[in-house]
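Peer 1: Okay, here's the structure, questions in a sec.
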Amino acid sequence: MKEGIHPKYEAVEVKCHCGNVIQTRSTKCADMQVEVCSACHPFYTGKQKLLDTAGRIDRFRKKYAKNNK
């Protein structure tokens, strides 16, 4: 490898909202935040979980509840 042409490959922490912290290496920014990781994702845990992004489900139900009455 040539000297000085490659980006730095440094250790970073990926922090999940569930509290899980994953150590990895990257050429990108420092620490990262994610909403879902392998410790809390329904596919990996086998548990059904509803992810509500900024109340979108409630707004949808409120909007279309008028039509059902």
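From the backbone N, Cα and C atoms, a Cβ is placed for every residue, glycine too.
So Swiss-Prot lists the following for this protein:
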- C16, C18, C37, C40: Zn(2+) binding site (BINDING)
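Quick one: where do these features end up spatially?
Peer 2: Secondary structure from DSSP puts C40 (Zn(2+) binding site) in coil. Over all protein chains present, the Cβ of C40 (Zn(2+) binding site) has 18 other Cβ atoms lying within 10 Å.
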Peer 1: Suppose we draw a 10 Å sphere around the Cβ of C37 (Zn(2+) binding site). How many other Cβ atoms does it contain, all chains included?
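Peer 2: By my count, 17.
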Peer 1: Long-range same-chain neighbours of C18 (Zn(2+) binding site), Cβ under 8 Å, sequence gap at least 6?
Peer 2: V36, C37, A39, C40
Peer 1: Using an 8 Å cut-off from the Cβ centroid of C16, C18, C37, C40, can you name the remaining same-chain residues around the Zn(2+) site, in sequence order?
Peer 2: H17, G19, N20, V34, E35, V36, S38, A39, H41
